[in-house]
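Just below is one structure, and these are the notes that go with it.
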Amino acid sequence: MSLDIVILAAGQGTRMRSALPKVLHPVANKPMLGHVIDTARSLQPQSIQVVIGHGADTVRERLAADDLNFVIQAEQLGTGHAVAQALPQLSAERVLILYGDVPLIETATLQRLLALVSDDQLGLLTVELADPTGYGRIVRDDSGVVQAIVEHKDASDAQRQIREGNTGILAVPGKRLADWLGRLSNSNAQGEYYLTDVIAMAVADGLTVATERAADEMEVLGANDRIQLAQLECHYQQRMARRLMAQGVTLRDPHRFDVRGQVSVGRDVTIDINVILEGKVVIEDDVQIGPNCVIKDSVLRKGAIVKANSHLDGAEMGEGADCGPFARLRPGSKLGAKAHVGNFVELKNAVMGEGAKAGHLSYLGDAEIGARSNIGAGTITCNYDGANKFRTVMGEDVFIGSNSALVAPVMLGDRATTGAGSVVTSDVPADTLAVGRAKQRNIEGWKRPTKK
(Lines of atoms letter the chains of each structure in order from A and count residues from 1; the text may use other names and numbers.)
(Lines give C-alpha, C1' and ligand atoms only; values in the text may rest on other atoms or scores of the structure.)
Protein backbone atom coordinates (compact mmCIF):
# COMPACT_ATOMS: atom_id res chain seq x y z
CA MET A 1 0.00 0.00 0.00
CA SER A 2 1.23 3.49 -0.87
CA LEU A 3 2.27 5.80 1.94
CA ASP A 4 2.38 9.55 2.63
CA ILE A 5 4.06 10.80 5.79
CA VAL A 6 3.18 14.05 7.55
CA ILE A 7 5.67 15.40 10.10
CA LEU A 8 4.34 18.09 12.44
CA ALA A 9 7.10 20.62 13.12
CA ALA A 10 5.37 23.98 13.52
CA GLY A 11 5.59 24.45 17.29
CA GLN A 12 7.42 27.35 18.90
CA GLY A 13 8.87 25.51 21.88
CA THR A 14 8.71 28.42 24.31
CA ARG A 15 10.01 26.28 27.18
CA MET A 16 13.28 25.83 25.32
CA ARG A 17 13.88 29.57 25.90
CA SER A 18 15.71 29.78 22.60
CA ALA A 19 15.64 31.74 19.34
CA LEU A 20 16.21 28.44 17.55
CA PRO A 21 13.02 26.61 16.48
CA LYS A 22 12.43 23.66 18.79
CA VAL A 23 12.73 20.98 16.12
CA LEU A 24 16.22 22.22 15.18
CA HIS A 25 17.67 21.60 18.62
CA PRO A 26 20.15 18.76 18.23
CA VAL A 27 20.34 15.23 19.51
CA ALA A 28 23.73 13.69 18.71
CA ASN A 29 24.66 16.79 16.69
CA LYS A 30 21.67 16.41 14.34
CA PRO A 31 18.42 18.41 14.56
CA MET A 32 15.61 16.43 16.13
CA LEU A 33 13.61 16.94 12.95
CA GLY A 34 16.53 15.53 10.96
CA HIS A 35 16.30 12.26 12.91
CA VAL A 36 12.56 12.04 12.23
CA ILE A 37 13.07 12.73 8.52
CA ASP A 38 15.71 9.98 8.30
CA THR A 39 13.31 7.51 9.92
CA ALA A 40 10.53 8.61 7.57
CA ARG A 41 12.79 8.04 4.56
CA SER A 42 13.56 4.52 5.75
CA LEU A 43 9.86 3.68 5.25
CA GLN A 44 10.10 4.62 1.54
CA PRO A 45 6.96 6.79 1.32
CA GLN A 46 5.74 8.40 -1.87
CA SER A 47 5.93 11.81 -0.16
CA ILE A 48 7.08 13.45 3.06
CA GLN A 49 5.14 16.55 4.09
CA VAL A 50 6.76 18.70 6.79
CA VAL A 51 4.34 21.13 8.44
CA ILE A 52 6.25 24.18 9.67
CA GLY A 53 5.26 27.43 11.33
CA HIS A 54 7.47 29.05 13.96
CA GLY A 55 10.85 29.81 12.38
CA ALA A 56 9.64 28.33 9.09
CA ASP A 57 12.34 29.94 6.94
CA THR A 58 15.08 28.73 9.27
CA VAL A 59 13.73 25.18 9.34
CA ARG A 60 13.33 25.05 5.57
CA GLU A 61 16.80 26.45 4.94
CA ARG A 62 18.44 24.01 7.35
CA LEU A 63 16.75 20.83 6.11
CA ALA A 64 15.68 21.49 2.51
CA ALA A 65 15.89 18.43 0.26
CA ASP A 66 14.33 17.30 -3.00
CA ASP A 67 12.22 14.63 -1.30
CA LEU A 68 10.67 16.99 1.26
CA ASN A 69 7.66 19.25 0.80
CA PHE A 70 7.27 22.02 3.37
CA VAL A 71 3.74 23.15 4.27
CA ILE A 72 3.07 26.31 6.26
CA GLN A 73 0.77 26.37 9.29
CA ALA A 74 0.38 30.13 9.70
CA GLU A 75 -1.52 29.84 12.99
CA GLN A 76 -0.86 27.08 15.50
CA LEU A 77 -4.44 25.93 16.08
CA GLY A 78 -3.75 22.35 17.09
CA THR A 79 -2.47 19.08 15.68
CA GLY A 80 -5.61 18.41 13.66
CA HIS A 81 -5.36 21.83 12.04
CA ALA A 82 -1.67 21.18 11.29
CA VAL A 83 -2.36 17.92 9.46
CA ALA A 84 -5.17 19.62 7.52
CA GLN A 85 -2.64 22.02 5.99
CA ALA A 86 -1.00 19.08 4.23
CA LEU A 87 -4.24 17.52 2.94
CA PRO A 88 -3.95 18.87 -0.64
CA GLN A 89 -0.62 17.03 -0.99
CA LEU A 90 -1.86 13.64 0.25
CA SER A 91 -2.99 10.91 -2.15
CA ALA A 92 -1.62 7.65 -0.75
CA GLU A 93 -3.62 4.71 0.61
CA ARG A 94 -2.05 5.20 4.05
CA VAL A 95 -1.05 8.35 5.92
CA LEU A 96 1.40 8.28 8.84
CA ILE A 97 1.59 11.25 11.21
CA LEU A 98 4.89 11.85 13.03
CA TYR A 99 6.26 14.63 15.24
CA GLY A 100 9.39 16.66 14.61
CA ASP A 101 10.41 16.70 18.27
CA VAL A 102 10.21 12.90 18.78
CA PRO A 103 13.59 11.87 17.36
CA LEU A 104 14.04 8.39 18.82
CA ILE A 105 11.10 6.64 17.17
CA GLU A 106 12.33 3.42 15.55
CA THR A 107 11.69 2.27 11.99
CA ALA A 108 10.68 -1.20 13.19
CA THR A 109 8.00 0.24 15.48
CA LEU A 110 6.51 2.26 12.65
CA GLN A 111 6.57 -0.72 10.31
CA ARG A 112 4.50 -2.69 12.81
CA LEU A 113 2.11 0.23 13.16
CA LEU A 114 1.65 0.60 9.40
CA ALA A 115 0.94 -3.11 9.06
CA LEU A 116 -2.26 -2.52 11.06
CA VAL A 117 -3.79 -0.12 8.52
CA SER A 118 -6.55 -1.21 6.14
CA ASP A 119 -9.67 0.37 4.67
CA ASP A 120 -11.61 -0.38 7.85
CA GLN A 121 -8.82 -0.16 10.45
CA LEU A 122 -6.36 2.46 11.61
CA GLY A 123 -3.25 2.11 13.75
CA LEU A 124 -2.52 4.03 16.94
CA LEU A 125 0.83 4.00 18.74
CA THR A 126 0.48 3.98 22.53
CA VAL A 127 2.88 3.75 25.44
CA GLU A 128 2.65 2.58 29.06
CA LEU A 129 3.66 5.48 31.30
CA ALA A 130 4.90 5.54 34.87
CA ASP A 131 3.59 9.11 35.12
CA PRO A 132 1.04 9.91 32.39
CA THR A 133 0.57 13.54 33.44
CA GLY A 134 0.15 15.70 30.36
CA TYR A 135 -0.54 12.79 28.02
CA GLY A 136 -3.84 12.03 26.32
CA ARG A 137 -5.35 8.83 27.78
CA ILE A 138 -6.39 5.80 25.74
CA VAL A 139 -9.99 5.03 26.72
CA ARG A 140 -11.06 1.43 26.06
CA ASP A 141 -14.34 -0.37 26.64
CA ASP A 142 -14.75 -3.42 28.88
CA SER A 143 -13.51 -5.71 26.11
CA GLY A 144 -10.37 -3.63 25.57
CA VAL A 145 -11.45 -1.98 22.33
CA VAL A 146 -10.26 1.62 21.91
CA GLN A 147 -13.13 4.09 22.07
CA ALA A 148 -11.43 7.49 22.24
CA ILE A 149 -8.42 9.52 23.30
CA VAL A 150 -9.08 12.09 26.01
CA GLU A 151 -6.54 14.89 26.46
CA HIS A 152 -5.21 15.36 29.99
CA LYS A 153 -6.85 18.76 30.48
CA ASP A 154 -10.22 17.36 29.40
CA ALA A 155 -9.96 14.06 31.31
CA SER A 156 -12.08 13.13 34.32
CA ASP A 157 -10.46 12.00 37.55
CA ALA A 158 -11.15 8.38 36.62
CA GLN A 159 -9.64 8.80 33.17
CA ARG A 160 -6.54 10.39 34.64
CA GLN A 161 -5.82 7.10 36.42
CA ILE A 162 -5.26 5.43 33.04
CA ARG A 163 -1.55 4.83 32.42
CA GLU A 164 -1.76 4.00 28.73
CA GLY A 165 -0.93 7.22 26.94
CA ASN A 166 -1.27 8.51 23.42
CA THR A 167 1.99 9.13 21.60
CA GLY A 168 0.27 11.17 18.89
CA ILE A 169 1.72 8.89 16.23
CA LEU A 170 -1.09 7.65 14.05
CA ALA A 171 -1.47 5.68 10.80
CA VAL A 172 -4.79 5.99 8.99
CA PRO A 173 -6.50 5.04 5.72
CA GLY A 174 -5.80 7.95 3.40
CA LYS A 175 -9.29 8.15 1.91
CA ARG A 176 -10.86 8.70 5.36
CA LEU A 177 -8.59 11.45 6.63
CA ALA A 178 -10.09 14.47 4.85
CA ASP A 179 -13.58 13.67 6.12
CA TRP A 180 -12.43 13.28 9.71
CA LEU A 181 -10.35 16.46 9.71
CA GLY A 182 -13.25 18.41 8.25
CA ARG A 183 -15.43 17.39 11.19
CA LEU A 184 -13.02 18.44 13.95
CA SER A 185 -14.17 20.97 16.54
CA ASN A 186 -12.21 23.22 18.87
CA SER A 187 -14.76 22.96 21.68
CA ASN A 188 -12.29 21.85 24.35
CA ALA A 189 -10.17 23.22 27.18
CA GLN A 190 -7.39 24.28 24.82
CA GLY A 191 -9.60 25.75 22.11
CA GLU A 192 -7.66 23.71 19.55
CA TYR A 193 -8.43 21.19 16.82
CA TYR A 194 -7.17 17.91 18.28
CA LEU A 195 -5.98 15.22 15.89
CA THR A 196 -6.85 12.75 18.66
CA ASP A 197 -10.57 13.38 18.09
CA VAL A 198 -10.18 11.39 14.87
CA ILE A 199 -10.16 8.22 17.00
CA ALA A 200 -13.70 8.71 18.31
CA MET A 201 -14.86 9.57 14.79
CA ALA A 202 -13.30 6.38 13.42
CA VAL A 203 -15.04 4.30 16.08
CA ALA A 204 -18.37 6.00 15.33
CA ASP A 205 -17.86 5.26 11.63
CA GLY A 206 -17.42 1.57 12.41
CA LEU A 207 -13.66 1.33 12.00
CA THR A 208 -11.45 -0.67 14.32
CA VAL A 209 -8.69 1.18 16.18
CA ALA A 210 -5.76 -1.23 16.43
CA THR A 211 -2.87 -0.33 18.70
CA GLU A 212 0.86 -0.92 18.71
CA ARG A 213 2.86 -0.38 21.90
CA ALA A 214 6.15 1.57 21.87
CA ALA A 215 9.10 -0.24 23.43
CA ASP A 216 9.48 2.34 26.19
CA GLU A 217 8.74 5.92 27.09
CA MET A 218 12.01 7.24 25.68
CA GLU A 219 11.25 6.02 22.17
CA VAL A 220 8.30 8.40 21.98
CA LEU A 221 9.48 11.19 24.28
CA GLY A 222 9.19 14.68 22.85
CA ALA A 223 11.51 17.47 23.93
CA ASN A 224 9.62 20.42 25.34
CA ASP A 225 12.53 21.82 27.34
CA ARG A 226 16.28 21.37 27.66
CA ILE A 227 15.91 18.84 30.44
CA GLN A 228 13.97 16.51 28.16
CA LEU A 229 16.45 17.27 25.37
CA ALA A 230 19.27 16.07 27.62
CA GLN A 231 17.27 12.93 28.47
CA LEU A 232 16.88 12.19 24.76
CA GLU A 233 20.61 12.69 24.21
CA CYS A 234 21.50 10.28 27.03
CA HIS A 235 19.06 7.64 25.81
CA TYR A 236 20.27 7.95 22.22
CA GLN A 237 23.89 7.51 23.29
CA GLN A 238 23.04 4.44 25.37
CA ARG A 239 21.15 2.98 22.44
CA MET A 240 24.16 3.49 20.16
CA ALA A 241 26.54 2.08 22.77
CA ARG A 242 24.48 -1.09 23.08
CA ARG A 243 24.38 -1.53 19.32
CA LEU A 244 28.15 -1.19 19.00
CA MET A 245 28.83 -3.57 21.87
CA ALA A 246 26.51 -6.11 20.22
CA GLN A 247 28.73 -5.85 17.12
CA GLY A 248 31.89 -6.76 19.01
CA VAL A 249 33.13 -3.44 20.41
CA THR A 250 34.48 -3.15 23.94
CA LEU A 251 33.51 0.15 25.54
CA ARG A 252 35.41 0.81 28.76
CA ASP A 253 32.45 2.82 30.01
CA PRO A 254 29.32 3.03 27.82
CA HIS A 255 28.17 6.06 29.80
CA ARG A 256 31.23 8.04 28.73
CA PHE A 257 31.05 7.62 24.96
CA ASP A 258 29.28 9.65 22.27
CA VAL A 259 28.24 8.86 18.71
CA ARG A 260 27.26 11.88 16.62
CA GLY A 261 26.89 10.38 13.17
CA GLN A 262 27.16 7.07 11.32
CA VAL A 263 29.65 4.52 12.59
CA SER A 264 30.70 1.24 10.98
CA VAL A 265 32.72 -1.08 13.22
CA GLY A 266 34.59 -4.36 12.95
CA ARG A 267 35.22 -6.91 15.66
CA ASP A 268 37.47 -6.71 18.71
CA VAL A 269 37.54 -2.93 18.69
CA THR A 270 38.38 -1.30 22.03
CA ILE A 271 37.27 2.23 22.87
CA ASP A 272 38.32 3.95 26.08
CA ILE A 273 36.40 6.64 27.96
CA ASN A 274 35.31 10.07 26.69
CA VAL A 275 35.64 9.22 23.00
CA ILE A 276 33.48 11.15 20.51
CA LEU A 277 32.75 9.75 17.04
CA GLU A 278 31.35 12.35 14.65
CA GLY A 279 30.12 12.25 11.06
CA LYS A 280 30.89 9.13 9.05
CA VAL A 281 33.46 6.96 10.82
CA VAL A 282 34.72 3.54 9.70
CA ILE A 283 36.56 1.42 12.27
CA GLU A 284 37.94 -1.93 11.16
CA ASP A 285 38.88 -4.99 13.25
CA ASP A 286 41.28 -4.78 16.20
CA VAL A 287 41.42 -0.99 16.35
CA GLN A 288 42.26 0.58 19.71
CA ILE A 289 41.14 4.10 20.63
CA GLY A 290 42.48 5.68 23.79
CA PRO A 291 40.69 8.07 26.14
CA ASN A 292 39.55 11.60 25.29
CA CYS A 293 39.80 11.25 21.51
CA VAL A 294 37.61 12.95 18.90
CA ILE A 295 37.32 11.14 15.57
CA LYS A 296 35.33 12.77 12.78
CA ASP A 297 34.71 11.60 9.19
CA SER A 298 37.69 9.26 9.33
CA VAL A 299 38.72 5.70 8.47
CA LEU A 300 40.76 3.51 10.82
CA ARG A 301 42.10 0.39 9.14
CA LYS A 302 42.69 -2.96 10.83
CA GLY A 303 44.86 -2.78 13.93
CA ALA A 304 45.26 1.00 13.94
CA ILE A 305 45.92 2.60 17.32
CA VAL A 306 44.77 6.07 18.34
CA LYS A 307 46.37 7.08 21.62
CA ALA A 308 44.94 9.40 24.26
CA ASN A 309 43.78 12.94 23.53
CA SER A 310 44.15 12.73 19.75
CA HIS A 311 41.90 14.52 17.25
CA LEU A 312 41.20 13.12 13.78
CA ASP A 313 39.12 14.97 11.18
CA GLY A 314 38.80 13.71 7.62
CA ALA A 315 41.79 11.40 8.05
CA GLU A 316 42.68 7.81 7.22
CA MET A 317 44.97 5.56 9.23
CA GLY A 318 46.41 2.54 7.46
CA GLU A 319 46.66 -0.99 8.79
CA GLY A 320 48.72 -1.08 11.97
CA ALA A 321 49.39 2.68 11.95
CA ASP A 322 49.37 4.61 15.21
CA CYS A 323 49.07 8.21 16.33
CA GLY A 324 49.27 10.15 19.56
CA PRO A 325 49.03 10.85 22.35
CA PHE A 326 47.99 14.43 21.56
CA ALA A 327 48.18 14.01 17.78
CA ARG A 328 46.05 15.98 15.34
CA LEU A 329 45.23 14.66 11.88
CA ARG A 330 43.36 17.26 9.84
CA PRO A 331 41.40 16.78 6.58
CA GLY A 332 43.29 15.04 3.81
CA SER A 333 45.77 13.35 6.13
CA LYS A 334 46.58 9.73 5.39
CA LEU A 335 48.91 7.37 7.23
CA GLY A 336 50.22 4.32 5.40
CA ALA A 337 50.48 0.89 6.99
CA LYS A 338 52.54 0.92 10.19
CA ALA A 339 53.17 4.67 9.91
CA HIS A 340 53.71 6.48 13.20
CA VAL A 341 52.66 9.96 14.28
CA GLY A 342 53.66 10.80 17.84
CA ASN A 343 52.77 13.36 20.46
CA PHE A 344 52.10 16.95 19.45
CA VAL A 345 52.36 16.27 15.73
CA GLU A 346 49.86 17.94 13.40
CA LEU A 347 49.18 16.77 9.86
CA LYS A 348 47.07 18.68 7.33
CA ASN A 349 46.52 17.33 3.81
CA ALA A 350 49.61 15.20 4.27
CA VAL A 351 50.30 11.63 3.19
CA MET A 352 52.79 9.45 5.06
CA GLY A 353 54.01 6.30 3.35
CA GLU A 354 54.29 2.85 4.86
CA GLY A 355 56.45 2.83 7.97
CA ALA A 356 57.13 6.58 7.89
CA LYS A 357 57.58 8.26 11.27
CA ALA A 358 57.06 11.70 12.78
CA GLY A 359 57.70 11.15 16.47
CA HIS A 360 57.03 14.49 18.09
CA LEU A 361 56.48 18.23 17.93
CA SER A 362 56.04 18.74 14.18
CA TYR A 363 53.71 20.41 11.70
CA LEU A 364 53.43 18.66 8.34
CA GLY A 365 51.04 20.46 6.02
CA ASP A 366 50.48 19.88 2.30
CA ALA A 367 53.16 17.22 2.29
CA GLU A 368 53.96 13.84 0.80
CA ILE A 369 56.31 11.73 2.88
CA GLY A 370 57.72 8.56 1.38
CA ALA A 371 57.91 5.12 2.95
CA ARG A 372 60.22 4.63 5.94
CA SER A 373 61.14 8.32 6.09
CA ASN A 374 61.88 9.79 9.51
CA ILE A 375 60.83 13.30 10.51
CA GLY A 376 62.83 14.74 13.39
CA ALA A 377 61.33 16.65 16.29
CA GLY A 378 60.43 20.26 15.60
CA THR A 379 60.21 19.88 11.83
CA ILE A 380 57.90 22.29 10.03
CA THR A 381 56.77 22.36 6.42
CA CYS A 382 56.48 26.06 5.60
CA ASN A 383 53.57 25.68 3.19
CA TYR A 384 52.00 29.16 3.13
CA ASP A 385 53.48 32.37 1.73
CA GLY A 386 50.67 34.59 2.93
CA ALA A 387 48.60 34.09 -0.21
CA ASN A 388 49.05 30.55 -1.54
CA LYS A 389 49.73 27.03 -0.27
CA PHE A 390 52.59 24.89 -1.64
CA ARG A 391 53.56 21.24 -1.29
CA THR A 392 56.59 19.53 0.18
CA VAL A 393 57.44 16.17 -1.40
CA MET A 394 59.85 13.69 0.17
CA GLY A 395 60.95 10.42 -1.37
CA GLU A 396 61.51 7.14 0.43
CA ASP A 397 63.94 6.66 3.34
CA VAL A 398 64.40 10.42 3.80
CA PHE A 399 65.85 11.57 7.13
CA ILE A 400 64.90 15.04 8.36
CA GLY A 401 67.04 16.37 11.18
CA SER A 402 65.40 17.91 14.20
CA ASN A 403 64.16 21.49 14.01
CA SER A 404 64.30 21.63 10.22
CA ALA A 405 62.15 24.10 8.27
CA LEU A 406 61.21 22.89 4.79
CA VAL A 407 60.16 25.92 2.74
CA ALA A 408 57.69 24.80 0.09
CA PRO A 409 57.59 24.22 -2.79
CA VAL A 410 60.47 21.84 -2.26
CA MET A 411 61.35 18.24 -3.13
CA LEU A 412 63.70 15.85 -1.36
CA GLY A 413 64.83 12.76 -3.23
CA ASP A 414 65.10 9.20 -1.91
CA ARG A 415 67.48 8.82 1.04
CA ALA A 416 68.07 12.59 1.26
CA THR A 417 69.12 13.94 4.67
CA THR A 418 68.86 17.36 6.28
CA GLY A 419 71.08 18.48 9.12
CA ALA A 420 69.43 19.50 12.37
CA GLY A 421 68.31 23.11 12.42
CA SER A 422 68.43 23.51 8.64
CA VAL A 423 66.23 25.83 6.63
CA VAL A 424 65.75 24.04 3.32
CA THR A 425 64.71 26.39 0.51
CA SER A 426 65.69 24.40 -2.59
CA ASP A 427 65.37 20.82 -3.78
CA VAL A 428 67.64 18.17 -2.27
CA PRO A 429 68.75 15.39 -4.67
CA ALA A 430 68.68 11.73 -3.70
CA ASP A 431 71.48 10.45 -1.42
CA THR A 432 72.45 14.02 -0.50
CA LEU A 433 72.95 15.82 2.82
CA ALA A 434 71.55 19.35 2.97
CA VAL A 435 72.76 21.70 5.69
CA GLY A 436 71.20 25.15 5.69
CA ARG A 437 72.22 26.99 8.84
CA ALA A 438 74.67 29.69 9.93
CA LYS A 439 78.15 28.58 10.91
CA GLN A 440 78.63 28.46 14.67
CA ARG A 441 80.84 31.22 16.10
CA ASN A 442 82.28 31.01 19.65
CA ILE A 443 83.20 34.23 21.48
CA GLU A 444 85.80 33.59 24.16
CA GLY A 445 85.68 35.43 27.46
CA TRP A 446 82.05 36.36 27.03
CA LYS A 447 80.51 38.03 30.05
CA ARG A 448 76.80 38.06 30.62
CA PRO A 449 75.05 41.40 31.10
CA THR A 450 74.40 42.47 34.66
CA LYS A 451 71.43 44.35 36.08
CA LYS A 452 71.93 48.07 36.49
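Just so it is clear, glycine is given a Cβ too, placed from its N, Cα and C backbone atoms.
When R437, R441 are compared with the acetyl-CoA site residues A377, N383, Y384, S402, A420 in Swiss-Prot, the one appearing in that site is R437. All protein chains considered, the CB of R330 (UDP-N-acetyl-alpha-D-glucosamine binding site) has 16 other CB atoms within 10 Å. Per-residue pLDDT, averaged over the region 'Pyrophosphorylase' (1-226), rounds to 94. Cα spacing between R330 (UDP-N-acetyl-alpha-D-glucosamine binding site) and Y384 (acetyl-CoA binding site): 16 Å, rounded to the nearest whole number. The shortest Cα-Cα distance between D101 (Mg(2+) binding site) and any of the binding-site residues L8, N374, A377, S402 is the one to L8. It is 61 Å from the Cα atom of G78 (UDP-N-acetyl-alpha-D-glucosamine binding site) to that of H360 (active site, proton acceptor).
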